[in-house]
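Peer 1: The GTP binding site annotation in TrEMBL covers Leu15, Ala16, Gly17, Lys28, Asp75, Asp107. What TrEMBL records for Asp107 is Mg(2+) binding site. What TrEMBL lists as domain 'MobA-like NTP transferase' is 12-153.
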Amino acid sequence: MNASLPLSRIAALVLAGGSGSRLGGCDKPLLPLSRTQTVLDYVLTALRPQCSALAISANGDAARFAPWNLPVLPDTQADMGPLAGLLEGLRWAKTLNCSVLITVPGDTPFIPADLPHKLLPAPAVAVTHTRRHHLVASWPVACRPALEHWLEQPDSPDKRRIRCFAASLGVQDVVFPDHTPDLFFNINTPDNYAYARALAHGGLTHV
């Protein structure tokens, strides 16, 4: 599932707002993975060739991301999880005259190098045989008003769920083939981190 779209119209947002609670509260994207690269480096390497602009969604001191020289977008809506990051990303992408925003969690180092292209047209979400990866998705920048309206609604269990907002847009599934490791493997635990480091030291980059 893909459609032609100029590179200049595609932006990407790395969602780096996770607490990393099972890894001692660390910033998972900043974890060293190979001898010279962090998890974030791996994510950006995959995204950069197919996007005209990149940004990081994160709260707290933006200086920790200074080495990457990218915009760091803090949430302006509290307690809304990834939807708050998505909103700021859509606002930022609009200022660049982009029409599509790709989102990727900052702890998924082995995403495929052609991910942005595969997720067109937007809205679309990555799916493997194991599950739907709701944060690995493409979003029309024009859906920003719809998200603002969504977040203004009375509180409910679905309000903070990115999958529910995506469904309201008629998101399409994009099925990715089985792969070892899982293309959307994410680092949540010390064992996950050890596994990712072993893969990286073995020379795995992107597929």
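Using N, Cα and C of the backbone, Cβ positions are placed for all residues, glycine too.
Just tell me what is around each of these and how deep it sits.
Peer 2: Remark: Asp75 (GTP binding site) has Gly17, Ser57, Asn59, Ala84, Gly85, Glu88 as non-local neighbours, by Cβ distance under 8 Å and separation of at least 6 in sequence.
DSSP assigns Asp107 (GTP binding site) to coil, not to a helix or a strand. Counting every protein chain shown, the number of other Cβ atoms lying within 10 Å of the Cβ of Asp107 (GTP binding site) is 26.
In terms of DSSP secondary structure, the domain 'MobA-like NTP transferase' (12-153) contains 55 helix, 32 strand, 55 coil.
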Peer 1: Looking at the binding-site residues Leu15, Ala16, which one has the fewest other Cβ atoms within 10 Å of its own Cβ?
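Peer 2: It is Leu15 that, of the binding-site residues Leu15, Ala16, has the fewest other Cβ atoms within 10 Å.
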